[in-house]
């Protein structure tokens with residue numbers, strides 16, 4: 001995890017423009033560097049480093065003697081860099097996993113490079129010999145990337161939008177900042193003036209397709225066929241492999257643990273593999289909630305079962321409410337459920353940074369989208385429509401859950417790892433017959449639970465624990481986080497303001513006081529950028545005006561028993 005930033009063809013003084021790069025300093029608290037590009041006086045790179053791999057030679061932009069004309073700035077982890085080295089005979093000059101990008105590009109061009117990378121990444125690659133700039137982002141957008149490109153060829157690229165919104169440019173008072181699409185790369189011509197022209201934007205990987213890099217994966221060809229025992233075994237093998245490859249780190253590994261199925265599976269498999277490879281420190285697990293919340297109690301059970309060094313972060317309603325503005329500033333969104341769910345994750349990340357030495361943090365993101373974990377999937381009209389909805393959610397992860405997970409951890413200089421979004425694991429799961437993947441017997445994620453039933457990784461009551469609405473899981477039994485927020489915001493937003501919301505905010509108009517409150521804060525920091533969120537996250541197949549699972553008839557929480 002780190003922060004990348006680059007400008008090409010700046011009309012303004014670079015030393016002034018570079019101030020914008022400091023807005024993402026939280027992503028790389030260990031070191032930073034600005035570097036002008038030789039021969040292009042109006043082009044430069046900025047980099048904020050979190051040192052996780054190769055603490056000596058890991059500064060960026062990465063340049064190696066073999067390819068003096070290549071400059072690379074990247075954010076991410078490439079898990080198969082050693083396998084690629086063996087397969088193609090690459091001679092690395094550093095221990096940095098991202099160096100493989102330079103070798104792959106030199107060997108086979110940008111398309112092969114992007115397709116062969118097993119990991120999460122956002123990168124800017126400059127080839128001064130051929131006057132090309134390349135941008136690329138991983139399949140699910142686990143690593144963020146934003147860009148601004150003006151009509152006259154000024155290009156700005158940054159890990160977060162906040163590093164671009166105040167850039168100065170002569171022909172545009174407010175250049176349009178946009179998220180770079182996941183699973184794509186873009187080719188741009190670099191002109192002698194330092195300005196660029198976009199040549200093509202290419203989708204290099206669809207999440208349903210087995211990735212090209214599977215050919216050099218450590219897991220060999222799996223048994224085919226859809227009989228249940230084969231499927232369950234393949235799911236276990238691929239998930240364990242997804243966790244194993246993510247153990248690559250020179251900094252301490254920890255794990256978020258809500259006590260729900262997803263984070264509990266990640267923590268249990270992670271601890272098992274850490275023991276197998278003799279990592280010589282205990283796994284720290286982290287749970288957050290209000291006093292006696294269901295999540296805290298469930299996470300405690302899991303930690304006791306797997307034997308982790310467990311930390312509980314207890315917050316009260318006042319601390320949660322006070323964090324709202326800084327959370328929205330970090331997130332760069334006003335989506336209702338994203339903001340709600342981010343507050344707990346932001347506060348637990350703050351604790352991890354201040355009170356522990358864990359830096360690489362595993363989490364369960366992506367499972368709900370992949371394995372049909374949201375409660376509204378019980379209402380799907382057919383298995384085929386449920387499968388389509390699952391794919392839609394995965395496609396939009398970079399706008400919602402992946403965005404939340406990245407920004408809340410990155411705000412505190414932590415690196416997030418999400419094994420449920422491993423390319424091989426997701427492509428296999430999506431290849432299964434639609435009827436295998438739907439909720440069964442009133443329980444969502446039935447296939448995933450079944451796959452680990454005989455593993456003894458988790459207590460049975462955790463493996464089969466129904467999904468909590470996040471606002472209930474972290475809240476005290478007496479009152480949910482959802483209700484606490486409603487009560488507070490009701491006092492902050494006047495009824496008249498809400499009535500006129502559509503006039504003030506014609507795009508994605510707020511329909512509740514809570515959404516109005518979040519939108520006000522967002523506009524304060526990112527005025528006129530509401531199009532970063534194309535639509536609010538809402539459940540399907542039900543009449544919903546609020547994204548909370550509490551509003552669904554199927555849902556029964558501990559607070560309602």
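Note that the numbers count up from 1, one per residue, in the order the chain is shown.
Using N, Cα and C of the backbone, Cβ positions are placed for all residues, glycine too.
Some features that TrEMBL has for this protein:
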| type | residues | note |
| --- | --- | --- |
| ACT_SITE | 2 | active site, for GATase activity |
| BINDING | 97 | L-glutamine binding site |
| BINDING | 256, 288, 363, 364 | ATP binding site |
| DOMAIN | 2-191 | domain 'Glutamine amidotransferase type-2' |
| SITE | 365 | site 'Important for beta-aspartyl-AMP intermediate formation' |
For this session: Going by Cα-Cα distance, pick out whichever of the recorded positions 2, 97, 365 is nearest to residue 256 (ATP binding site).
Result: 365
Exercise. Roughly how wide, in whole Å, is the group 256, 288, 363, 364 that binds ATP, by largest Cα to Cα distance?
Worked result: 15
Exercise. Out of 2, 97, 365, which of these recorded positions is nearest residue 288 (ATP binding site) by C-alpha distance?
Worked result: 365
Exercise. Long-range same-chain neighbours of residue 365 (site 'Important for beta-aspartyl-AMP intermediate formation'), Cβ under 8 Å, sequence gap at least 6?
Worked result: 262, 397, 401, 402, 405, 416, 418, 420, 421
Exercise. What is the number of other Cβ atoms found within 10 Å of the Cβ of the residue listed as 'active site, for GATase activity'?
Worked result: 27
Problem set entry | Additional residues around ATP, ordered along the sequence, whose Cβ is within 8 Å of the centroid of 256, 288, 363, 364 | 255, 257, 258, 263, 286, 345, 348, 361, 362, 365
Problem set entry | Minimum Cα separation from residue 2 (active site, for GATase activity), reported as the residue among binding-site residues 97, 363, 364 that achieves it | 97
For this session: Give, as a single whole number between 0 and 100, the mean pLDDT over the domain 'Glutamine amidotransferase type-2' (2-191).
Result: 91
Seminar exercise, completed: Rounded to a whole number of Å, the separation of the Cα atoms of residue 364 (ATP binding site) and residue 97 (L-glutamine binding site) comes to 24
Problem set entry | Alpha-carbon distance [residue 363 (ATP binding site); residue 97 (L-glutamine binding site)] in Å | 21
